[in-house]
Protein chains: 2
Amino acid sequence: MLRLFNLSKDKEEDILKIIKNREEENPEVISNVLNILKDIRKDGDKALVKYTKDFDKVLLNSNSIKVSKEEIEEAFNIVEESFIKAIKSAIKNIEFYHSKQVRNGYSIVKEGEVFMGQLVLPLERIGVYVPGGTASYPSSVVMNVIPAKVAGVKEIVMVTPPSANGGINPYIAVAASLAGVSEIYKVGGAQAIGALAYGTESIKRVDKIVGPGNIYVAMAKKLVFGTVDIDMVAGPSEILIVADENANSKFVAADLMSQAEHDKLAASILLTTSEEKYNEIIKELEVQIEEMERKDIIKESFSNYGMALICKDIKECIRISNIIAPEHLELMVENSMEYLGEVKNAGSIFLGYYTPEPLGDYYAGPNHVLPTNGTARFSSPLSVDSFIKKSSYLYYSKGELIKAAEDIMLLASKEGLTAHGNSVKVRFCND
Amino acid sequence: MLRLFNLSKDKEEDILKIIKNREEENPEVISNVLNILKDIRKDGDKALVKYTKDFDKVLLNSNSIKVSKEEIEEAFNIVEESFIKAIKSAIKNIEFYHSKQVRNGYSIVKEGEVFMGQLVLPLERIGVYVPGGTASYPSSVVMNVIPAKVAGVKEIVMVTPPSANGGINPYIAVAASLAGVSEIYKVGGAQAIGALAYGTESIKRVDKIVGPGNIYVAMAKKLVFGTVDIDMVAGPSEILIVADENANSKFVAADLMSQAEHDKLAASILLTTSEEKYNEIIKELEVQIEEMERKDIIKESFSNYGMALICKDIKECIRISNIIAPEHLELMVENSMEYLGEVKNAGSIFLGYYTPEPLGDYYAGPNHVLPTNGTARFSSPLSVDSFIKKSSYLYYSKGELIKAAEDIMLLASKEGLTAHGNSVKVRFCND
């Protein structure tokens, strides 16, 4: 269960240590992944087929790597109407939220003949990794694809491991089709990341790879970074809930469990203003936890990384939250919006008593790909910005260059870079 | 000298191979840097002082690590008025260009009681690395500091190795003071990166580290990435010049050398439309190169990575440039602005005959910290965006949550995440 700390008795740094160092290391992973990437680079499709046979127990050939139109039509026949309705509503909300992030370039015309500015261009081709396995994650498809689509990326490629019969999970296929994916390939693991980064006969290389995966996928993304861009290497998840006296303990307990069920490394943190409230929430947790399908994961996550802290007021709760920089922050307090200005570091902020984290995870509009493990101090949710690149441009006329010439040559000479100065000098002294 | 290729005779991929794989590897660097970082983390200032003694041959103490007010005043007395005037003009131009990059958050109020949006916040504290050694680079100071300042970062910390007498280079000190640095420390190398990432008694840890450095600094930045953010690990530089029949060969030759003098790994690439033009430029190069102070570096860079290519027209030149994705692209062609829309991948674009790359390097406004080594395909110049972070926020009323409840619970159940569904269910079924 959540360990209780008290700021008046416990040292702040001891408390914060608990959620640090949640990474698990595995030295074998890196060498395995390096070998897989090398093979993909050397043998292309042949290596893709081999690893899919080894790891997924599915025999692909060059014709069946790519998901066909017929397979997608079939998926639409399989899934329930209610699912299509729900995912369409989610897509609409997510598109609307992300459409506000679209940016234009700018240009500056200065007196005289000086013209400069910044271009904003979409990436040309991106890859989205979607995990396979027993569960399917259509929400992951839409959260990764829609910002790219809104940014104007023309070629959005998805890779996902084949199901046991060599097909594709129908919920994933439907979500991909509705979100606007242009190509889908039935490959997964480090081999799929290699194919996206280097290209094979069937899969053209991309400019950026996004999406979550297991430790092999995460390691492969780290290793191809530089050849292509990547979103982030996601660490374990966390939720931090600030609950005041009026917060319903049932709601608080339910929300604490909603992140803990993801992963035994997830951290659930409760900040509240009285020990009575804490006791009430713990009592609720003890009842609700037994009804959860994934109660074993929840219990392990709570006992390793769960924590509760009694603070003197809401402002102190937020001060502590800013140090932790949680992925998800729920402010279950009266007048929650009044505290928004105090929040300095958090991936996504959920305000009030009726905004549980899963509302944002699936549906409302903001992205669920968020900075984890304290990185909200310096990084941001996945957004349209993640799928664009910028270039600066500059034009000076001869007359304007001559006005600046002396200063530039002086600065170049102070840095000992005389060929830099020469490129200005040659335009006036030698012609 | 620049090797000549012809698209009608040579294979495109063979041509492009030449500028790839310019990185030099050194397996000792990683273990040395790991040790330094470990020591800084363990011993703080004590280790900083020790490594500064070992590597810079300067004995610091806890009082002399930080540059004092008096040292900065003294620097202003040493440097020439002309330098102060030049750097002030550069700062004014760079501030103006970057001020156009400032962004606001947004908020969305949807019908019913739904409220959501995105906050844009400056990072709280950043570190700028400025190399020491024989040359000083005040331009690097202003290019890294100003975007942070414009973004609203309150604490801008600079680190730079001490000069031989234990002081600070006066040009660096003056540039830092004018650009708006708030603290300067006389430490350099991997030990300075460690201090910025983990903090010591004298130097409080930062959220992000930017700025160029030698291979030890670059490796240290790679290794602390995740604990803090970093800008990029800069690879070797390149310039690609598209020159038409009317381009002055003297100018083209001078500009090709301006990047080559940086580094023997720099790549200088000339794309032009006739062999006569190529011959004329080579003749110019042979004359000008002998007058350059850094001619040995220029010659080595040209002979290893220099290349020229005859294309059938300007559009074909730009198509090839888009594949190379150069850091610097000069379009020395008539009506250069008409081609801007064709450019897909380039860090910074210089238009016309009187916009040499050093104008942008030092002075005009755009940033000189640019994606190198082909990464302009997916990354961008340093900008105000590099010093902000975003958070999403979301508020739903009870009435609005109930409308969405069924869809969210359905999507959660399809992903097998029942505790997610429970957090919605508990708000309506159990209270």
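Glycine too: its Cβ is placed from the backbone N, Cα and C atoms.
Please treat TrEMBL annotations as automatic predictions, because they have not gone through curation.
The model shown is predicted, which means the values in this text are computed figures rather than measured ones.
Positions annotated as NAD(+) binding site by TrEMBL: A:Tyr129, A:Gln191, A:Asn214. Feature annotation from TrEMBL assigns substrate binding site to A:Ser237, A:Gln259, A:His262, A:His328, A:Asp361, A:Glu415, A:His420. What TrEMBL lists as Zn(2+) binding site is A:Gln259, A:His262, A:Asp361, A:His420. Look at TrEMBL and you will find A:Glu327, A:His328 tagged as active site, proton acceptor.
The NAD(+) site is defined by A:Tyr129, A:Gln191, A:Asn214, and by the 8 Å test on Cβ atoms against their centroid, the other residues of the chain that qualify are A:Pro131, A:Val159, A:Pro161, A:Gly188, A:Gly189, A:Ala190, A:Ala192, A:Ile193, A:Gly213, A:Tyr216, A:Val217, A:Ala220. Residue environment of A:Gln259 (substrate binding site) contains 29 other Cβ atoms, counted within 10 Å of its Cβ in all protein chains. Nearest to A:Glu327 (active site, proton acceptor) in space, judged by Cα atoms and limited to the binding-site residues A:Ser237, A:Gln259, A:His262, A:Asp361, A:His420, is A:Ser237.
For A:Ser237 (substrate binding site), applying a Cβ distance below 8 Å and a minimum sequence separation of six or more within one chain yields A:Gln259, A:His262, A:Asp263, A:Leu265, A:Ala266, A:Ala267, A:Glu327, A:His328, A:Thr372. All chains included, 29 other C-beta atoms sit within 10 angstroms of the C-beta of A:Glu327 (active site, proton acceptor). In the three-state DSSP classification, A:Tyr129 (NAD(+) binding site) falls within a strand. Looking at A:His420 (substrate binding site) and A:Gln191 (NAD(+) binding site), their Cα atoms lie 45 Å from each other.
Comparing the binding-site residues A:Asp361, A:Glu415 by how many other C-beta atoms lie within 10 angstroms of each C-beta, the top residue is A:Asp361. Contact annotation for chain B: of the listed recorded positions (A:Tyr129, A:Asn214, A:Ser237, A:Glu327, A:His328), none places its CB atom under 8 A from a CB atom of that chain. When the binding-site residues A:His262, A:His420 are compared by the number of other C-beta atoms lying within 10 angstroms of their own C-beta, A:His262 comes out lowest.
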